[in-house]
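K.L.:
Provided herewith is a single structure, encoded as structure tokens, for subsequent inquiry.
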Amino acid sequence: MAGVEQAASFGGHLNGDLDPDDREEGTSSTAEEAAKKKRRKKKKGKGAVSAVQQELDKESGALVDEVAKQLESQALEEKERDDDDEDGDGDADGATGKKKKKKKKKRGPKVQTDPPSVPICDLYPNGVFPKGQECEYPPTQDGRTAAWRTTSEEKKALDQASEEIWNDFREAAEAHRQVRKYVMSWIKPGMTMIEICEKLEDCSRKLIKENGLNAGLAFPTGCSLNNCAAHYTPNAGDTTVLQYDDICKIDFGTHISGRIIDCAFTVTFNPKYDILLTAVKDATNTGIKCAGIDVRLCDVGEAIQEVMESYEVEIDGKTYQVKPIRNLNGHSIGPYRIHAGKTVPIVKGGEATRMEEGEVYAIETFGSTGKGVVHDDMECSHYMKNFDVGHVPIRLPRTKHLLNVINENFGTLAFCRRWLDRLGESKYLMALKNLCDLGIVDPYPPLCDIKGSYTAQFEHTILLRPTCKEVVSRGDDY
């Protein structure tokens, strides 16, 4: 409506000419209106621009925030990836196959695996191995104490001078401890004796890090059963199986640079033998307690017998006094020499020879429900080159070859037929017999008490150090 009325009022001027004054007024008014319109447009334009600018500012602010957040999260992801890469071994970088450089993590000390496979020398990289049980020497016969040895500067210096030797014994002893702990975790009735010995020896070789004559097994694994007291290990083809009622003596040795650990224990499954084992263990510990510098060997034997015979054991309704096996004994140990000359009796009436400073002894006792005497029996499996033998001329080529094999692999340490088989030797029995006949090699057949009797054994290696006595093979087990 308003638009129609406005058009009507201007009707006269639209078709006719305007007066000059009217034209000037019209021109000026139209110019003013045009200027006003321009100003309004500018204002509108400015308002629109400022609104757009504000909108853009808002959007750009949000965008900056979003970008900042993305960068932050990306940085976190990269950090996590780097951490993961440090833990891992580093994967190939896509198709290029390039490996990223990783920061090496510091490795902690090695720990033993299960089953044991890490050599003892790798578990103790500083080369210092765990000591055995250190004991004060027993008082002398006139009642004087030996405590002064532990504080004497002279004795300390002497002890330190032989530290390398003691350390070799300790390394071999730690291997022995770990192997026997492993054996006790799996030995059970139903296993063949060959299976038991080979599993034990394989583990022992790994832990001692077998290296020719520098480190390895000191003698074959004895696994004598029941009335057999010592020196039995199965030959190839032996089908003997361990039974629930068997009493098995596990006697094995390790060495580092010829420093031998000779240590043994008895395994049973039937508790009826418990007292027999207690008697023999007690007798061995008594022998260890009595041993010392300037102690007479016969006095050690007498103390052992007294303790052993104080025990009675009932087996299958029969009562037996536990008897020490009088023709078996402990012995001194030398470098690469399991029996170094001195014997430690386990009954009274032995030699009056004295133990000396710096010597190493295997203190072992055997208890029996039989006669208390052993004899050679069964097929021989243990052999050892005679330590004192000189040059003996050998004519037969096979015998010469076998002696070379023995010299290279065992030297003067004991060995068994299984170990010759393992080296690839065959048809060697005649050559071995020839070496025995010539006195170059000595056979050590199994030693047995009467049939139907039961025998037990415990043994430790002791070091007669200048300052103290160290039961180097002592463990938590015995």
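Backbone N, Cα and C define each Cβ position, glycine as well.
Here Swiss-Prot flags 1-122 as region 'Disordered'. Taken from Swiss-Prot, the feature N-acetylalanine covers ALA2, and the record attributes it to similarity to another entry. Summarising the annotation, Swiss-Prot assigns compositional bias 'Basic residues' to 36-46, 97-109. Among the features that Swiss-Prot reports, phosphoserine is placed at SER60. Per Swiss-Prot, O-linked glycosylation site is recorded for SER60. Taken from Swiss-Prot, the feature compositional bias 'Acidic residues' applies to 80-92. Summarising the annotation, Swiss-Prot assigns substrate binding site to HIS231, HIS339 and lists sequence analysis as the type of evidence. Taken from Swiss-Prot, the feature divalent metal cation 1 binding site covers ASP251, ASP262, GLU459, and the record attributes it to sequence analysis. What Swiss-Prot lists as divalent metal cation 2 binding site is ASP262, HIS331, GLU364, GLU459, and the listing cites sequence analysis.
For each listed feature, how buried is it and what is near it?
P.N.:
Taking the Cβ of HIS339 (substrate binding site) as centre and 10 Å as the limit, one finds 16 other Cβ atoms among all the protein chains shown.
Secondary structure at ASP262 (divalent metal cation 1 binding site), taken from DSSP and collapsed to helix, strand or coil, is strand. All protein chains included, ASP262 (divalent metal cation 1 binding site) registers 27 other Cβ atoms within 10 Å of its own Cβ.
When other Cβ atoms within 10 Å of the Cβ of HIS331 (divalent metal cation 2 binding site) are tallied across all protein chains shown, the result is 19.
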K.L.:
Hey, for the divalent metal cation 2 site built from ASP262, HIS331, GLU364, GLU459, who else sits with CB inside 8 A of the CB center?
P.N.:
CYS263, ALA264, GLY330, TYR361, ALA362, ILE363, HIS460, THR461
K.L.:
May I have the list of same-chain residues other than ASP251, ASP262, GLU459 whose Cβ is within 8 Å of the Cβ centroid of the recorded divalent metal cation 1 site, in sequence order?
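P.N.:
Residues close to the divalent metal cation 1 site, other than ASP251, ASP262, GLU459: GLY222, PHE252, GLY253, CYS263, ALA264, ALA362, GLU364, GLN457, THR461.
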K.L.:
Cβ distance under 8 Å to HIS231 (substrate binding site), same chain, sequence separation 6 or more: which residues?
P.N.:
GLY222, SER224, SER381, HIS382, TYR444, PRO445, PRO446, LEU447
K.L.:
Want to know which binding-site residues, from ASP251, HIS331, GLU364, GLU459, are within 10 Å of HIS339 (substrate binding site) at Cα; which are they?
P.N.:
HIS331
K.L.:
When the Cα of GLU364 (divalent metal cation 2 binding site) is compared with the Cα of each of the binding-site residues ASP251, ASP262, GLU459, which one is closest?
P.N.:
GLU459
K.L.:
Measuring Cα to Cα, how far is ASP262 (divalent metal cation 1 binding site) from HIS331 (divalent metal cation 2 binding site) in Å?
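P.N.:
That separation, Cα to Cα, works out to 10 Å.
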